[in-house]
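Lifted from Swiss-Prot, the feature list:
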REGION    1-20  region 'Disordered'
REPEAT    134-210  repeat '1'
REPEAT    224-301  repeat '2'
Amino acid sequence: MDQMLPSPYNIPGIDTPLHQPEEDQQILPNAMQQQHQHQQQQQQHALAAMGSSPLVGFGASLMGTPQRSVHTYAPAASYATPQQMMQPQTPQNLMSPMITSGSLAGQQMLSQASPAPMTPMTPHSADPGIVPQLQNIVSTVNLNCKLDLKKIALHARNAEYNPKRFAAVIMRIREPRTTALIFSSGKMVCTGAKSEEDSRLAARKYARIIQKLGFTAKFLDFKIQNMVGSCDVKFPIRLEGLVLTHGQFSSYEPELFPGLIYRMVKPRIVLLIFVSGKVVLTGAKVREEIYEAFDNIYPILKSFKKQ
């Protein structure tokens, strides 16, 4: 009992390693050999991809040299061409497309690149179907001579003179259909023309009539003083709501006048707005002011449209 039989199993103690140092010496050479074979395979694949590159000789010299480093570098196929033989390439996004004169795509691209042609300013409004029409133009001219109104009234056609009622000769012509107020000082006012050209033509005809009566009349300082336009917005308007919202610019007294008087600041135009949708614009010196005033007032009128 005091002597214990030897055990058939060799049980290692706490201080005994699990394998012998001889086994470590066998594992390390095997790992190095496998790593070296793996590096040679990578080099062979790289050389096969390179094909007939000028760097094949350089790769072959690498195969004969033992590799001491774990990491290897194999040049890719895209870098196989020598640097001095490469040409600078323009990036694709910076290249201009080839445009032929006969191709449809080329014509479309040219039309998009070139801006639209400039056109002269034309009257426009918030609603393209509504353009104010000129109804009356008032112009003045200086004949630069003293006039005998009684002589003019006696010898001229279509002329009337009543000094008790009005201190000017009232003369009319048919083409353009206008009326002139001729004063003894030589000043004349022409009204009733529908366009700027007609107003100037009518004033020249009146001056020619005065010349034929023996007066040394000239044609100086012709100027358009007032233009009147009108239009129809084609819908009824709530004038009560408009005067409450825009009381600073408008006045509405239906017992005195059926229209709302709207005094626009810029351009300086006075508008007469009626419940039926009719609008009268007056006070303009040029017709563009009438078009601009209507462009400004139309969205306001549309917001007060009767339902």
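Note: Cβ is positioned from N, Cα and C throughout, glycine not excepted.
Helix, strand and coil counts under DSSP for the repeat '1' (134-210) come to 22 helix, 33 strand, 22 coil. Per-residue confidence over the repeat '2' (224-301) averages out at a pLDDT of 93. Shown for the repeat '2' (224-301): DSSP residue counts in helix, strand and coil, namely 22 helix, 29 strand, 27 coil.
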